[in-house]
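Remarks on the structure that follows.
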Amino acid sequence: MAPSGSRSIKKGCQRVLYWIPVLFIALIVAWSYYAYVLQLCIESIDDTGEKVVYLLVYHVIFIMFVWAYWQTIFTKPMNPLKEFHLSYSDKELLEREDRGESQQEILRRIAKDLPIYTRTNSGAIRFCDRCQLLKPDRCHHCSVCDKCILKMDHHCPWVNNCVGFSNYKYFMLFLAYSLLYCLFITATDLRFFIKFWTAGGRAHFRLREYLNGLPDTQAKFHILFLFFSASMFSVSLASLFTYHCWLVCKNRSTLEAVRSPVFRHGTDKNGFSLGVSKNFRQVFGDEVKYWPIPVFSSLGDGCSFPTCLVNLDPEQPVSPTGSNPANKSAAEVRQFPSKPLRDSQSRLLTSTPSWTESDSAADKDKKGASNPGMTIENEA
């Protein structure tokens, strides 16, 4: 009982410690609200019209920022469906096998009816020993959550949650609105910051000169520290937001940017990229009205993803001009077996105005025939 009790105490302490970064952010945001609303807008700005405009815009940004942050923190990461878990009989069969190759044969047999096309670096089926399941494409095991997370991007300590398929859109909006929040504060607080330094450069830094243009020492401290904090956070948030925008455009996760996914035909860093427009809509959805709102609108089920396969046969790479025999259709160079199309895949790949170009179906067939080295592959 003692070891079990000590483990539970340790896990409890860890859970408390994991919330410290979130508590730090919450305190910073609460202080910034007090400093901006009370000390800057209400106490320091005399013009009523300017004060109303500042407060109105500030509260709109503030509400969207807090909403997106809340959704990122408290949206549970999605785990693989039951069909990816081993049955009791399969677990027993796997445990009886000592050799790795025999175990791989069992896993390959189970995986043949599942939309799994990524592999380990050695070409083996991706299997999680702790969760006892075959990992769907883009799924990874989080050591902090101790779970397999669908389309895992990373575990973020600032939200105490895994960023993955279920909350990646919320995370992107959180970065966008937090950056907008900091930039707005920096821009509207700038003239008070300049006023302070203009006054502070005169007459031996006396207190009366420090307070020129500002109501009192308390307001001075909050307004100046607010400017420094907002400007510093703006720089870090801008770099992080830019990086994740690049990932969205490339349809990669942070883990895939560090280590490219491995398919049957080999490593392909652009394996899941469908073009900037489709990549963006895969995260934010088809309906534009939902893009800026922290509600779930991502496409797919998180377990299967369409891929753009390049150089399917490593021994016969596509020529630089992409000219292969014209009579060889895209279907003939498919490496993956044909399987029924899932609902999520249908929504991503069917001919809808928001997902397809103006080309007709015949034009697409011609393009696939003239360049079979690059095709949109159905994984479901």
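Quick reminder: no glycine exception, Cβ is built from N, Cα and C everywhere.
Quick look at what TrEMBL lists:
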TRANSMEM  16-36  transmembrane segment
TRANSMEM  52-70  transmembrane segment
DOMAIN    125-259  domain 'Palmitoyltransferase DHHC'
TRANSMEM  170-194  transmembrane segment
TRANSMEM  221-243  transmembrane segment
REGION    316-380  region 'Disordered'
COMPBIAS  318-327  compositional bias 'Polar residues'
COMPBIAS  346-359  compositional bias 'Polar residues'
Of the listed stretches 16-36, 52-70, 170-194, the one with the highest count of C-beta pairs below 8 angstroms to the transmembrane segment (221-243) is 170-194
For the transmembrane segment (170-194), sequence-distant contacts whose Cβ falls under 8 Å of one of its Cβ atoms, 6 or more beyond its ends:
32, 36, 40, 44, 54, 57-58, 61-62, 64-65, 68-69, 71-72, 75, 153, 156, 159, 163, 213-214, 223-224, 226-227, 230-231, 233-234, 237-238, 240-241, 244-245, 248, 283-284, 292, 294
For the domain 'Palmitoyltransferase DHHC' (125-259), how many residues does DSSP put in helix, in strand and in coil?
79 helix, 17 strand, 39 coil
Whole-number mean pLDDT, the domain 'Palmitoyltransferase DHHC' (125-259), equals 87
